[in-house]
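Engineer: Provided herewith is a single structure, encoded as structure tokens, for subsequent inquiry.
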């Protein structure tokens, strides 16, 4: 395996580790920004290094279309093509089964897409997905899985889970660079704890370098979300990295880290930046709002990023949605925020102050003490006392069992919006 995973500290389920990959030694928990076609929109690779980015995620499906994996291979891999010296992860292309479902036909052989570029059919099999990723050359490559939205019910969920297990064997057989690239399997099974358990056991039997929890962040209620994460992290090997796919909200990352997850990715920080929104400890800051037009404070007075040290809210207000510079500045700030959150999670666990960090994080985001009930339930299972920052703590159920079978009622998520 081209991976070493060393746990440096833990608090109950939460752990901080060193993830050593061929191109970089990473500290977990960590967040990976999404660079679909070898770029984080508006930012240079030098800027990404400056803010502490450790791993960038590339999209196999889109890279195979443009500029093509053959071209990337000819120039020596995606690291050289995009001039990125640190780690890379490529997804399998499977997520397009959900995002481009109207263009896809899923069979046991693979997924046939109608190309959004020229309309021609493109068959993506497990073997082809791995071959493309071998040519791209990322440090971590993902197995092709059968992805289904968690809001779907019925026999399709079970079909997709078992197909995912069948496809992992085809991915393993097709993987030609196991000493250079690490193949991660993806746990599927929707919101069904029995199916999730079957999939975890099947993947663990394959003794892969790492494991991802897939099929979440697709519209399911938050109580179901955290319970699936808790079930899977509890069953996955202690000595292997655990990656929750598609998770990018800071609150979700803190909760999942408390439950034992290590890696995350999402377009959220950069996509929300392009709509004029900044991430701050209190939640989000809407820079398009009229109240920002004469506000001479930085986005976040406590932030040390280049943007907060240099520009005012009023200046960025003039730029957002009107000038590319606005989205670039907000993307820089938002990714800096995510990298700092990752570093703070890591250091607080290593230094034995993780519960204090969680409470401080929640106090800033929910100053009225209205911490969402799903967060309270998850923290109880994680063994973290948040009574000091939760005004409604005494009204919660007396005990939340460490299981996903009970209480899957939908609960709304509280989002703090700051002006």
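Note that Cβ sites are derived from N, Cα and C of the backbone, with glycine treated the same way.
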Engineer: Pick from 239-245, 246-252, 253-259, 260-266: which range has region 'RNA binding' per TrEMBL?
Structural biologist: 246-252
Engineer: Relative to the mean position of the Cβ atoms of 303, 305, 308, 333, the recorded Zn(2+) site, which additional same-chain residues have Cβ within 8 Å?
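Structural biologist: Near the Zn(2+) site, beyond 303, 305, 308, 333, sit 298, 299, 300, 304, 306, 307, 309, 332, 336, 337.
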Engineer: Starting from the Cβ of residue 303 (Zn(2+) binding site), draw a 10 Å sphere and report how many other Cβ atoms land inside it.
Structural biologist: 19
Engineer: Over the region 'RNA binding' (246-252), what does the predicted model average in pLDDT?
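Structural biologist: Reported value for the region 'RNA binding' (246-252) is a mean pLDDT of 97.
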Engineer: Which has the fewest other CB atoms in a 10 Å radius around its CB: 91, 145, 265, the listed recorded positions?
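Structural biologist: The recorded positions 91, 145, 265 were compared, and 265 has the fewest Cβ atoms within 10 Å.
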Engineer: Of 303, 305, 333, which is closest to residue 145 (substrate binding site) if I measure between C-alpha atoms? They're all binding-site residues.
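Structural biologist: If we rank 303, 305, 333 by Cα distance to residue 145 (substrate binding site), first place goes to 333.
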